[in-house]
Amino acid sequence: MEIKQIKAREVIDSRGNPTVEADVILNDDTIGSAMVPSGASTGQKEALELRDRDKSRYLGKGVLKAVKFVNTEICDTLIGFDINNLSKIDQTMIDLDGTKTKSRLGANTILSVSLAAAHANANRQHKPLYASLNQGGNYKLPVPMMNIINGGEHANNNIDIQEFMIIPVGAPSFKEALRYGIEVFHHLKSILEIKGMSTTVGDEGGFAPNLASNEDAIKIILEAINNAGYKPGKDIFIGIDAASSEFYDNDNKTYNLISENKSFSSEEFVNYLAKWVENYPIISIEDGMDENDWNGWNLLTKKLGDKVQLVGDDLYVTNSKILKQGIERNIANSILIKVNQIGTLTETFATIKVAMNARYTSIMSHRSGETEDTTIADLAVACTCSQIKTGSLSRSDRLAKYNRLLRIEEELGTQAVYPGLNAFNHLN
């Protein structure tokens, strides 16, 4: 079936900023649509999103240029293409852009069409997206990494560490894992209220209180887990996204925790994180070191690589070439997958394949600026990513993905496998 038309429009994301939505329409009038997300803390090597920079509209964040590229250049090029050949569609857009970082057309522009094409193909096949894209026949529901305390670039508070997550590995199913997380979330809210702390939420739906230290976030989460009737380190583990690049001083080569008035060398910050791992049931650390501090990453991997999932986000930016370099240097043991970091579905799948071949785990992830689009939920299942990050247990832009996963689990029935702790089976 061939592409008949492609069109795009400006829509609004969860931070009140414009983003791109594209429709791919086939000759039989089948339609596939997708909206693209946007990040706040971004890696330096990410593919670049295109913004209008016209200060008279949306403070310069409009995407009319991206919309025009879809409606003209991309549409004119892809009309008549076979929708079943998604990789050819993606490669044609990559070639049309002609830059290493997709800076001419914009990664957001290209991605909107890449994802919409996948949806159109699935709809043509009368299949859900996860089934249309799945090639292995096995279906795993991802373990959710629920960001219940927000800090850093995702909140207006004094916490340096960007995300404190709960990971319900002890649940027997995704549905029950979601229940575990929601119950802990509500107990955490009660604790914060009793302590007279703020229960406002950050970009990703987690609470954003001011705390005496970053470590206090872990302690208060453990209290909530216990109050909910679960066992830390058995039913529920903790994960953190340090987003260290956001507080790394490149000139002085130091990690500066402003809220604690502390400064660390790379080795000292590795030891700081290692102490947390020793004292608390932490199973995953994302971006523990700055994206360019590869020597620091080596130290961190040697120290904790057999004990904790070490996730590269800003480090790898969903780029298979950078990931291969990291694998060769034995840096980290996991990669965060964000489709808009690389800009096409084909390149995303290629990166996941590289990770799988190296026995690195892959974590499908949202961005802090999201929409009601649920594509990443299907992608997590289609690619058998063992985990998913899609925020906390509030804000409809986050819960839309959780609700989609509930429906997928129900559809799959006995075919649905929730891996639980096995999602981390590369650890001792």
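Indices start at 1 and increase along the chain as displayed.
Just so it is clear, glycine is given a Cβ too, placed from its N, Cα and C backbone atoms.
Annotated Mg(2+)-binding residues in Swiss-Prot are E286, D313, and among D235, D241, D373 the one listed with them is D241. Between the candidates Q162, Q325, Q415, Swiss-Prot assigns the (2R)-2-phosphoglycerate site shared with K338, R367, S368, K389 to Q162. Those same-chain residues not listed among D241, E286, D313 yet with C-beta within 8 angstroms of the centroid of the Mg(2+) site C-beta atoms are Q162, E163, A242, A243, I285, D287, V311, D314, L336, K389.
Ranking the recorded positions E204, K338, R367, S368, K389 by Cα distance from E286 (Mg(2+) binding site) puts K389 first. Checking each of the recorded positions (Q162, E204, D241, S368) against K338 (active site, proton acceptor), the C-alpha distance stays within 10 Å for none of them. Candidates D241, D313, S368 (binding-site residues) were compared with E204 (active site, proton donor); those inside 10 Å Cα-Cα are S368. Listed recorded positions: K338, R367, K389. The one with the lowest count of other Cβ atoms within 10 Å of its Cβ is K338.
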